[in-house]
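What Swiss-Prot lists as domain 'tr-type G' is 378-547. Here Swiss-Prot flags 387-394 as region 'G1'. What Swiss-Prot lists as GTP binding site is 387-394, 433-437, 487-490. Marked as region 'G2' by Swiss-Prot: 412-416. Residues annotated as region 'G3' in Swiss-Prot: 433-436. Taken from Swiss-Prot, the feature region 'G4' applies to 487-490, supported by similarity to another entry.
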Amino acid sequence: MEMINIQDLANEVDMSVDRLVQVCIKIGILKTKYDTITQLEKLTILNYLNENLKNSNKNVLMLKRKIRSTVKIFSSGGKNKCISIEIRKNKRYSKSNDDIKTFLEKNKDINLNKSEIVLSAKEDSKIFVSHSKDNINSNINDTCTIRKKFNKNFKKQQKINILSEKEDKNNLDNVLNVEQGSKKKINFKNVVLEEKKENKVKFSNYIKLSEKYNTRKVSNFLTSKNIRDHNNVEKHRRNRNKILRNKHQKDNFSFEKNLSDKNIKLDNCIHKKSIKNKKESLLKQVFKKPLRAINRNIILSSAISIFNLANKMAVKSSEIIKMMARLGYTVTINQIIDQDIAQLVAEEMGHKVTICYENKLEDKIMRDRDFGDGIKKTRPPIITIMGHVDHGKTSLLDKIRLTRVADSEPGRITQHIGAYHIKINNKIITFLDTPGHSAFTAMRARGAQVTDIVILVIAIDDGIKPQTIEAIQHAQAASVPIIIAINKIDKLITNIEKIKNELTKYNILPEEWGGDNIFVNISAKSGEGIESLLNAILTQSEMLELKSISNGMASGLVIESYLDKGRGPTAIILIKEGKLNKGDIVLCGFEYGKVRSIRDDLENEVNSIGPSIPVKILGLSGIPLAGDKIVVVRDEKQAREVATYRQKKFKEQKMSKQRQLKSLDIFEDVKRSSNPSLNIVIKSDVQGSLEAISYSLLKLSNDEIKINIIGKGVGGITETDVLLAAASNAIIIGFNVRADSSAKRIIEFENVDFRYYSVIYQIIDEIKNCICGMLSPKYQQKIIGLANVRSIFKSPKIGVIAGCIVMEGIIKRNSIIQILRNNVVIHKGELISLRRFKEDVSEVRCGVECGIGMKNFNDICIEDIIEVFETIEIKQ
């Protein structure tokens, strides 16, 4: 027997596969959309569909209307009564017999027409009324079969008929007029499509199968025990039909349109409110879950948040958080992670990662620079003077330059890095003067990085000091030669050999001992040995053969930067190679700009400058950081883009580092949450001093007091700085800067703690005092007396009283005591009673007998030792 696929049959009858499977289940054929059926099963399905199509013709249509209103009635008593009135109207519309005849003429081969079904239903109802408990007429089987078939399928066909007649508007050909309330007529347009010949055969076969099926149901009904069971069944059937009819009228008979091509349209004269039929939406969005993991190609350009990384990988953020937890990272959905970690997570989850470098523009702008002819020429040497504080570094430079810079410095100590150049024997030498204070470590490190030769100044009366050792370490790390200048030889102290011996510990050997270091004895006060030192510098520089490119675009290093009140951001730079011209576009760290002015160390305006010459430049967009590299570029727009990108990158790294530190120190923060802290706002004249002050103050933090620098900057104290300090209860520290008029008014109004300083160690000393005042004092117990127990008495009020003699010190009442027996402490308590004979006394001195009463202790023995303590407060 030929087998037919369910999907092919669905295409043949113009029906969805799922709908056809449901039809098969209704008639008892259990199939899925991938199964096949036989010819007999196909015939059964087609008969069922044709039966539904045949019975889709509806004869009766009921319309129900309700009108509610309220009527006010005036009574004689003056009170009004409201009566609710409800008017119900039922309209019944039916088709004429001519329409039924027309339908039957076109379906001659159908064995059972609609009129016969109605008549058989009436006879069937009479038979059911005469049904009794004893016997049942055997003819009921046939009529009940028809009735059951009609009751089951006729209502369904009525629903299908309404929808099919609505969809086929073009084939309406008949209108029925029915008068209102059995007199009015309504026009119907009814078109019956030509049924295919094969559908007629299928329908007749379906009738036979349905009769057999319904006969089985009736036989089950006839076996019911009594009439009451039958009445219950009949009542349930009627209620069910009524519910279905109301539901179908409410849903406007919305069924599959491919089962019929008929439609009904009521005239506008009948309808005051049109019936709105809604079609079932055929467009449905179906989500198909992927069967396997999808690996994507992810492009990572920079640091990225967890949320954005999840969007790129098309996964939930929680999955990435779980993955990072397994890798040992604790993150949140909005936390930013760096490029390396994001790449690791993406590759761990099976995705392919492509790294896109956003600094391509920076690389391009650096490659596009003009390096001139590339010929290197001899350049002046850069000499950095280093040493301990107050060893005479600035005085030595003043003697060489014939200036008096040291006399004008606050506290006679250098706190800024200075850059000068002088001409000796037609040769230029550049000097960098570095601070010697311990706070200026970063300045000394920058000086050692850019220098060619280091002059280490050591005072003959002081010898080797901590900053001397630090300067040696910086110079050795930069691999630059060191010339030792032993200063203050005008003092009658012969300590040179001792200094040489101490320097050997740090690999500094004089030439006469077979080493590479030149030792020169000088006096910055009298000028003795200065000429020898300069000759040693020139000799050492010739040996180094210092050369660089003297033309092309310049590049150098920022030595110091500050904000000039009249000129704006100013940077002291040292050109390493190339030539800097006025009007060049420069890129310096996070800043950029066009060079508006170039000034040398004597404040002379110059148009261009070559290598190894320190100058001041104006025109930058902001204050650069000391130590930033400065280069000349071609395009100002590209320089601005690179500077903006660097700022963005720096902020992302800073935020990521802060979040990481917070997550690592979360438990320590909980412990320290109750500890006090000191908030500070710092404003300085130059960038280097600001860096040194911040570094020194942060080192003062301890376990109990934490130093928080909530704001810092270069320039004068503004209104914004004062408001920040007032809001956070902070101290404002001004180093060689002053507050403007508006800031002074707010300082007085808000009573902000504001302090001026010109010497860095004054800041450190005062902050130390503030921290000591904030620390909680510590207490220490000190032994003030010893007593030996000689006898024991009993008192009804106090208890046991020890008769003692004071052996050392003094015994005071209400002091803390400690009882020792055989040099072992057996009790610690309080002395509550002290008597001399029968008098109460406050203290007893050495060699005097007394009676001592102790609190909550009676186990005292003769020859016990009583130690008396006093609590002393110790300030931190």
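Each Cβ is built from the backbone N, Cα and C atoms, and glycine gets one as well.
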Can you work out which residues elsewhere in the same chain, 6+ from the ends of the region 'G4' (487-490), have a Cβ less than 8 Å from its Cβ atoms?
391-392, 396, 457-461, 496, 521-526, 528-529
Including all protein chains displayed, how many Cβ atoms other than that of GLY387 (GTP binding site) lie within 10 Å of its Cβ?
28
DSSP secondary structure for LYS393 (GTP binding site), reduced to helix/strand/coil, please.
helix
Looking at the region 'G1' (387-394) alone, can you tell me the average pLDDT?
81
Provide the number of Cβ atoms within 10 Å of the Cβ of ASP390 (GTP binding site), excluding the reference atom itself.
17
Please classify the secondary structure at GLY387 (GTP binding site) using three-state DSSP.
strand
